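Written out below as structure tokens is the structure these notes cover.
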Amino acid sequence: MKKMVINTLACIALLAMSFFLASASDPSPLQDFCVAVNDTKTTVFVNGKVCKDPKVATANDFFFSGLRVPGNTSNKVGSMVTPANVAQIPGLNTLGISLARVDYAPYGLNPPHTHPRATEILTVLEGTLYVGFVTSNPDNRLISKVLYKGDVFVFPEGLIHFQLNVGKTKAVAIAALSSQNPGVITIANAVFGSKPAISADVLTKAFQVDKKVVDYLQSQF
């Protein structure tokens, strides 16, 4: 009897672990597609998001022309990300993928950031990029490389990463991500530009700097 109870508990534990792992990424589709729609009056299926009736889906639900247009890099960091995720392409709903175009001015930077829900694979279309990511605590090891046209680099899910144009001309890259909505957390914006602001007592101790430095950094965001 005792052995049977132990076996039963082991099976429950395995099932629980399987459920956890299965729910740790975007859900698998249960039909051919599930075009996301905000108008609940015109929907009939639910899978990840509310979906429109597949019978009335059109080519435009799976189409986005925005990546053909260069991003405006005339900003403080000299880069612009143009996303192509479920917000731009409703047909991506439940499919677990998305894209982004990244434009860089000469010496432009895509600042240190993370994607909480996706691994990213970056392909350089034009220019030369210095890229890298930092491993998690306690090592915090920087893994970096200079990329040229046609080179590919992977940023693991959730890790802080960046890209810097080290060339004298513009650069362009395409990023593929393993989520229909990967999310992005830009580290500087989140830490120094939060609303309401994080207490200076927290930031001065965390970064071991004077309060004037914290005040200045927060004023930039």
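Every residue number used here counts from 1 along the chain in the order it is shown.
Every residue, even glycine, has its Cβ placed from backbone N, Cα and C.
Among the candidates Cys11, Cys34, the disulfide partner that TrEMBL records for Cys51 is Cys34. Comparing CA positions across the recorded positions Cys34, Cys51, Glu120, the one lying closest to His113 (Mn(2+) binding site) turns out to be Glu120.
Neighbour count (other Cβ atoms within 10 Å of the Cβ, all protein chains): 24 for His115 (oxalate binding site). The CA atom of Cys51 (disulfide bond) is located 26 Å away from the CA atom of Glu120 (oxalate binding site).
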